[in-house]
Structures are given as C-alpha cells and as structure tokens.
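Once you've had a glance at the structure underneath, I'll fire off some questions.
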Amino acid sequence: MTSDSIDSADDIGSILSHGFRVWKNNTNICIPYVLGAGSIFAFALLLLYLMLYTSVEEVTPGGSPLSLNSHIGVSTGMMGMLLLTAAVILLIIILLIGSFFIGSAVGMARAAIDRGNATIMDMVDNGRHSVVNIFLADIAIGLVVRLGVVFILPEYVAVTSLLEGEPSMINISGGGAFALVDIMLNTMPFVLGLLTWLIYIAVISLILVMTNYVIVLDDVGPLDGIRRAFYFFMSNKAEVTIVWLIIISLYAALYVMTALFAYIPYIAPVLFALNFATSIIIIEPLGTVWLTDLYLSKNVRKLSRRV
C-alpha cells in the first residue's frame, strides 16, 4: 500500500467520523429534506385534486346522445392536455422545491462544519441564493443523462415490433419452448442496452455528484458548477467514490430490509414509512454533511479546527 493510499484512507476515515459528529450535533439539517418532501407531496395532492375537479366539471348531465358523445370527445382531448400540462407543472415545481432545499441543506452543513451549529437563517439564505443555479444545473445534467437513451432506442423499436407479433420477428415453428428462446434472444440486445444506460446514469451521477455542493460552497453558476465538480472528481476519484458508495449502501440496506418483509401484512406499510423517514431524517442529511466536508477539506481549505 502506497503512502498516497494510506493518506486517502486516513482522510476518508477523518471525514466520515467528523461528519457523523457534526450531523449528530446538528440534526436540524434534516429540516430542508422534511420540508421538501412535504411540499412536493402537498403540491402533488393539489394538482391531483384540481385535475379531478376539472374532469368532473367538464362532464355535465343532460343533452342528446350526439351532443354528449361530442362533448365527451372534447373533454377527453382537454383532459389529455390538462394531464400533460399538470405533469410539466409538477415536474418544474418538484425541481424548484428540490433545488431550494438542497441548497438549504448544503448551506446548513457548511455552517455546522464552520461554526459548529446550523440555523434556520442558514437554510433560508442559502436556499434562496442558490435555487436558480441548482435548478438549471439539474436540468443540464438531466439532459446529459437522457442522451443515454441512444443505448436502447434501436433495441426498443425492435422489441416493440416483436411484442406486436410480427411473424418475421419470431420463429414459432419449433413450438412454445423454441419460441420462448427466440423471444429471449431477440430481447437480449434491449436488456443489454438498458443495463448500459443504467451504468451510464450511475457513472454520470458519480462524476457530477458534487455539482450542487460546488454551486453553493463556491457561489458559482450552473455550468461553472458542473465543470468544477467534474475536475474535483477527477482530482479526488477515490475519496468521492468511496463516500458516494457508502451513502448508496445505506439506501440499499434500507431497501433490502423493506423488501424482505414486503409481503407480510401490516408490517410492510410500517417498514415503508420507517424507511422513508430514515432516508430524509438521517441518511440524506448525513450524506450531505459528508460530501460538504469532503469538498471543503479537499478543495476550499484545510480545516484548522474540528468541531
């Protein structure tokens, strides 16, 4: 083991232990995540109510069968437009809410690391200051992630034709077993393409995981934040990857625990609620502190004092 790897391991251990202490003394860092989840849920319910209310108002009793059928056709078209508009509005609202509270949480984590305590004012100031930049950065990264659809688009078209039952796509002369094998062989490229896309998403997420942290901590715009996050990862690949994997492992452990009891009556809903609460109250704020501490200690300054 080289001296660099030993130093890296020591740095990771120091960041994890220090981050845990900071989080333990500032559990209010979970407030942005709790408020964010609650706000998104409330807006989703509001949009659902508006859609249902509008659809009920559109259908009125009375009238001839012809006029009623015509009215139903118009209502169906309007409902489709309403659903599309509502989906776009909900997506924008979710992104804006998430951007505000992510900036809030990172700002609170920085305050907790620097001063030893984080306040609601830290949450409001940092969220308000960084919401637009984080929102734009998330859109840019989302577009990059969606470019990976090229891995599955050709195979998706082929599999769609297969499932629609085009005779040229399936060899059924050998019976059911041979037909099943033929279907599996024909869908294999799509499965491999999907796996490739998932790997692509994971790699992009890892490489740019520090983007929102850079935007808040360095007070930069979305494109500069993405660029700096990329260079930070390239300079600290081992440290960023290890911390990222630890955070992902915590989520995976919760998922596995819930999946093991998913089919047990009464227990599954309770575990699901506990899983969700643990995610937003413990794992997300703890992960935020770890990544904030990692960036501050590696890229901004060496902390002369540990809280």
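Placed from the backbone N, Cα and C atoms, the Cβ positions cover glycine too.
Below are the features listed in TrEMBL for this protein:
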TRANSMEM  30-52  transmembrane segment
TRANSMEM  72-102  transmembrane segment
TRANSMEM  131-153  transmembrane segment
TRANSMEM  194-217  transmembrane segment
TRANSMEM  238-264  transmembrane segment
TRANSMEM  270-296  transmembrane segment
Is the transmembrane segment (238-264) packed against any residues at least 6 beyond its ends, judged by a Cβ distance under 8 Å, and which are they?
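Same-chain contacts beyond the ends: 5, 8, 11-12, 15-16, 206, 209-210, 232, 271-272, 275, 278-279, 283, 287, 290-291, 294, 298.
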Of the listed stretches 131-153, 194-217, 270-296, which one has the most C-beta pairs under 8 A with the transmembrane segment (30-52)?
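Top-ranked stretch among 131-153, 194-217, 270-296: 270-296.
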Near the transmembrane segment (270-296), which same-chain residues lie under 8 Å Cβ to Cβ, leaving out any that are not at least 6 residues past its ends?
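Hits for the transmembrane segment (270-296): 15-16, 18-20, 22-23, 26-27, 29-30, 33-34, 37, 105-106, 109-110, 112-113, 209-210, 213-214, 217, 232, 236, 239-240, 243, 246-247, 250-251, 254-255, 257-258, 261-262, 303.
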